[in-house]
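A quick write-up on the structure given underneath.
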Amino acid sequence: MGPTLAVPTPYGCIGCKLPQPEYPPALIIFMFCAMVITIVVDLIGNSMVILAVTKNKKLRNSGNIFVVSLSVADMLVAIYPYPLMLHAMSIGGWDLSQLQCQMVGFITGLSVVGSIFNIVAIAINRYCYICHSLQYERIFSVRNTCIYLVITWIMTVLAVLPNMYIGTIEYDPRTYTCIFNYLNNPVFTVTIVCIHFVLPLLIVGFCYVRIWTKVLAARDPAGQNPDNQLAEVRNFLTMFVIFLLFAVCWCPINVLTVLVAVSPKEMAGKIPNWLYLAAYFIAYFNSCLNAVIYGLLNENFRREYWTIFHAMRHPIIFFSGLISDIREMQEARTLARARAHARDQAREQDRAHACPAVEETPMNVRNVPLPGDAAAGHPDRASGHPKPHSRSSSAYRKSASTHHKSVFSHSKAASGHLKPVSGHSKPASGHPKSATVYPKPASVHFKADSVHFKGDSVHFKPDSVHFKPASSNPKPITGHHVSAGSHSKSAFSAATSHPKPTTGHIKPATSHAEPTTADYPKPATTSHPKPTAADNPELSASHCPEIPAIAHPVSDDSDLPESASSPAAGPTKPAASQLESDTIADLPDPTVVTTSTNDYHDVVVIDVEDDPDEMAV
């Protein structure tokens, strides 16, 4: 092929001023084939990089967003400027309009400057990931990374726009393309080279030196997993090789540009045309190298490349799978946003409907310990401190109260009702006539038509008092009459089936306040028959159901007949034995009751629940 003359048309190109250089035909053919290969590898390789990042979840990270951006920048020259270069090489000159020449120069500038700026962004991303790993997630979040990407391309456009003046981008017959005419303004040319090439090289070099120092300092097999360390080193090497190849490919043309811009008259005739051609083609060839480097050095990219190659055998399935992957990714993002929104709404509703803290009001009840609590192994009862109210105990009281038999009393026929209590009983014949019962450390509740006592002490004046500890299924206890005029101090024992009188005297309790009639309402009588001593002569002897106790009975034989020979003790033994088996483990404390029946012939059955919060009478 002979030398191609410049097109004699007013296109304002360098070819109109400079003659077309005479290249050997073999060199023209070689350059043409190399450019075709560059275009094919550029388009296919960078497309595969974009598909690999899109399809592989391991490659979907903020750092690879700049890798995709770099692939897009490399593809720009393969779409428009390189095909027009092939056209100029085939005809031996430029026969297109000046507008197309300006577009070729502008797109070429976007590709070159965009590539170097994206390489800088990749280096900064790797630097933050390795040297500032704690702040990496905050600095390079998805939102921030997208903002950085937009800023990168805005800077690229702003850097290329000054070259769009008419006359600065012209056709160069030595390279068969439209480039920036550095002969028109040498100062501007040096400034562009420093901003577009030298400064990015310094930034990227600093980042990779720091990264390499950090990697060498962290190469401790005992402190880090060797596999993770090797992966980081390979990732670093991949990015470093890409930077190194870019610097090597674009360094010759930038050096020639600066030399010609500084001394155009001296250097213009000394630089051969083939050197210009080789420098430009090396720079163009860099656009297809990035995809090859990813496939050679990055295992994830290499594996995804093989997947794409195998899928290319069935294009329909491949593109349908790609579309489905994109839809799944969009659905996953939508679902993630919906879940986050629902979670935020649930938290707001929980805060709005949060129940206030339950405040427990302490009971104003003076706890008086029962005698023998400390000896029986109940220090909490003997200490006098109330137990905290709990829902479990309330539930127990509620369930236990449903099984309890109502407390009843038999009044004598003459009176028909109980006489109200008015202080202590009057002492007669030197014997105490008051009955003092120390309640357990809680308020005393009388079940079923009875009075609720909350005083420090409770004084009873019935003929006899019987205590039965409550269980989960309490058994009824039938009250019995005690003959009038008898008085005794009875101590209940598990060893005997009936109480025996004792001659001991108990001094009435004086340390507690004496209740009055106003403190204790008049109890209601029950619907049971009211037997008297005349109707039931067998009840003249004092006896009660056998309740297990702790101490042995000691009684006075002169006042009461022998209970063992009493005929009334016979019918009570079966009930007592059954009650003893049910309550021997539940009776907490020995209870001593002093009774006197000078004025009343009533019998009161007291039902005591073995509950830490109440005692039912």
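FYI, residue positions are counted from 1 along the chain as it appears here.
Placement of Cβ uses the backbone N, Cα and C atoms for every residue, glycine included.
What Swiss-Prot lists as topological domain 'Extracellular' is 1-30 (among others). Per-residue pLDDT, averaged across the topological domain 'Extracellular' (1-30), gives 57.
If you look up Swiss-Prot, you'll see 31-51 (among others) marked as transmembrane segment, on the strength of sequence analysis. When Cβ-Cβ distances below 8 Å are used as the criterion, the transmembrane segment (31-51) is approached by residues 67-68, 71-72, 74-75, 77-79, 82-83, 85-86, 89-90, 277, 281, 284-285, 287-288, 290-292, 294-295, 301, 304-305, 308, 322 of the same chain, each at least six residues removed from its ends.
Within the chain carrying the topological domain 'Cytoplasmic' (52-64), a Cβ under 8 angstroms from the stretch's Cβ atoms is held by residues 122, 125-126, 129, 140-142, 144-145, 294, 300-301, 303-305, 307-308, 322, 325-326, all 6 or more beyond its ends. Sequence annotations record features per position, and here Swiss-Prot assigns topological domain 'Cytoplasmic' to 52-64 (among others).
According to Swiss-Prot, the transmembrane segment annotation covers 65-85 (among others), on the basis of sequence analysis. Below 8 angstroms of C-beta separation, residues 35, 38-39, 42-43, 46-47, 49-50, 53, 96, 100, 103-104, 107-108, 110-111, 114-115, 118-119, 121-122, 125, 145-146, 149, 152-153, 176-177, 242, 284, 286-288, 290-291, 294 of the same chain, each at least six residues beyond the ends of the transmembrane segment (65-85), sit close to that stretch.
As annotated by Swiss-Prot, topological domain 'Extracellular' applies to 86-103 (among others).
If you look up Swiss-Prot, you'll see Cys101-Cys178 marked as disulfide bond, on the strength of sequence analysis.
Among the features that Swiss-Prot reports, transmembrane segment is placed at 104-124 (among others), with the record citing sequence analysis.
Feature annotation from Swiss-Prot assigns topological domain 'Cytoplasmic' to 125-143 (among others); the stated evidence is sequence analysis.
Within the same chain, residues 62, 65-66, 69, 102, 105-106, 109-110, 113-114, 117-118, 121, 180, 188, 192, 195-196 sit at least 6 positions outside the transmembrane segment (144-164) and bring their C-beta atoms closer than 8 Å to a C-beta of that stretch. The annotation transmembrane segment is assigned in Swiss-Prot to 144-164 (among others) on the grounds of sequence analysis.
The topological domain 'Extracellular' annotation in Swiss-Prot covers 165-188 (among others) and rests on sequence analysis.
Among the features that Swiss-Prot reports, transmembrane segment is placed at 189-209 (among others). Residues 112-113, 116-117, 119-120, 123-124, 126-127, 159, 162-163, 180, 182, 236, 239-240, 243, 247, 250-251, 254, 257-258, 261-262 of the same chain, all 6+ positions outside the transmembrane segment (189-209), place their C-beta atoms under 8 angstroms from a C-beta of that stretch.
Per Swiss-Prot, topological domain 'Cytoplasmic' is recorded for 210-239 (among others).
Sequence annotations record features per position, and here Swiss-Prot assigns transmembrane segment to 240-260 (among others) based on sequence analysis.
Annotated topological domain 'Extracellular' per Swiss-Prot: 261-273 (among others), in sequence order.
Per Swiss-Prot, the feature transmembrane segment maps to 274-294 (among others). The list of residues near the transmembrane segment (274-294) in space but at least 6 beyond its ends in sequence, with Cβ under 8 angstroms from a Cβ of it, reads 23, 27, 31, 34-35, 37-38, 41-42, 44-46, 48-49, 52, 67, 70-71, 74-75, 77-78, 82, 111-112, 115, 172, 174-175, 177, 179, 238, 241-242, 245-246, 249-250, 252-253, 256, 301-302.
Look at Swiss-Prot and you will find 295-617 (among others) tagged as topological domain 'Cytoplasmic', backed by sequence analysis.
Within the chain, the transmembrane segment (240-260) has long-range Cβ neighbours (under 8 A, six or more residues past its boundaries) at 70, 112, 115-116, 119, 122-123, 182-183, 189-190, 193, 197, 201, 204, 208, 212, 267-268, 271, 275-276, 278-280, 282-283, 285-286, 289-290, 293, 297. Taking each of the disulfide-bonded residues Cys101, Cys178 in turn and counting other Cβ atoms within 10 Å of its Cβ gives the largest count for Cys178. Within the compositional bias 'Basic and acidic residues' (341-353), the DSSP-based counts of helix, strand and coil residues read 12 helix, 0 strand, 1 coil. Under DSSP, Cys178 (disulfide bond) is assigned to a strand (E or B) in the three-state scheme.
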